[in-house]
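Pulled from TrEMBL, these are the features on record:
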DOMAIN    42-467  domain 'Major facilitator superfamily (MFS) profile'
TRANSMEM  41-60  transmembrane segment
TRANSMEM  100-120  transmembrane segment
TRANSMEM  132-153  transmembrane segment
TRANSMEM  159-180  transmembrane segment
TRANSMEM  192-212  transmembrane segment
TRANSMEM  218-237  transmembrane segment
TRANSMEM  277-294  transmembrane segment
TRANSMEM  306-330  transmembrane segment
TRANSMEM  342-360  transmembrane segment
TRANSMEM  372-394  transmembrane segment
TRANSMEM  415-435  transmembrane segment
TRANSMEM  441-463  transmembrane segment
């Protein structure tokens, strides 16, 4: 009797379990689940977010002086010159200083937001909340720009824009890394990176044209529309689980058996003791300083000398930005083929006269057209100066890991790079704003060219594997003299060297590579070191 009772209870338990299982399997999925969770929609959510953040940032490149000038006339109801050259030239000294501070606040926001959202991204598995916070910060910044009646309100808006981009860039990349297997990650990241220059190339002319033709609020309304679309996509997207998670326990067990004990993590002090890394970071500060110095001053120069309005300034700036974006990929390939030293030295050598020549054309010398080829040359050479930095950082990380297959210290090296770039972005506009007001644009360009010239001996002494000017690589990121080294080391160096060709205006593409490497090599790297 007891046995029958137990069998009856067991039968009831089994039936209850089967009913619960069936009920769970029949549970209704979210509305449009297949569409909202498919890879195509996830990718476009990340792509739209990246494009929007870049578009919003780039529209202010040529418009900042005009916006600062407008805020000083906010109480004058009859003032209608917000997009004309006279808006800047009426008090150009004050405009240049205030614009420099406004541009620098973006870099401060970027530096503050990067570690916060990086930490939050590690703590929260689902990316929706941080992404919505970042998009919300962008929308708040646009509203503040539209409603600003005082200069401090502009500063707060620009700071929020930096915080927003720090979040959006990081979380968009994490979203891709979470939803694709490692064998497809490289191609997906490559496609995503393309939306960065696309946002720049569309945002620059669109911002100027909207500002000039439709009024002060027009570019920010356009940004709000894009941010609204971005916000909706982030709300409805359903994030999938990492493809590699299913085999994580098996892989981790296998790793414990096959991998040797993890070595001591690479510290900040170890990295900063390397002169090669310090020089690379110094070159990053120099490039960021020069690039950001032109942001508040180039538009003022065009308005002062040739009477350009906001739309004209935006179009001229394209002649500097587009060649720089294209040259970054070419210079990355040249670093692989001929070595980093020769690329850095040649770029620094030609960047020196390029900076001086940017300051030469004026209304006394004639038309603005001679400025266009000079800006093209400046964009190309500045991109060439930055391209060697990424493989140089990779070599230092590789060396500190004892040339092993691990990449411990990669995140720290990126943090140092990001800090160096942020320092340059803070120093450049502040310095340029005050120098433009006190000594003029030509002498500002001369001082910037001296920075490049002074760096040439440091590039010769410390960049590259040796004092040899040309040190060709075998096409995969290792010097040709080392072709007999382990295949795994070659593969790792290849991953790092690819980052050089991904450079396009700022630190963002290196962040792409950092996340890609962390994802691909996650089972070989000590998680605590990142």
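From the backbone N, Cα and C atoms, a Cβ is placed for every residue, glycine too.
Source: prediction; values computed, not measured.
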The transmembrane segment (159-180) versus listed stretches 100-120, 192-212, 306-330: most Cβ pairs under 8 Å: 100-120
PLDDT averaged over every residue in the domain 'Major facilitator superfamily (MFS) profile' (42-467): 82
Cβ contacts the transmembrane segment (441-463)/the transmembrane segment (41-60), at least three under 8 Å, sequence gap 6 or more: no
Positions whose Cβ lies under 8 angstroms from the transmembrane segment (415-435), at least six residues beyond its ends: 96-104, 106-108, 110-111, 114-115, 268, 271-272, 277, 281-282, 284-297, 389, 393, 443-444, 447, 506-507, 510-511
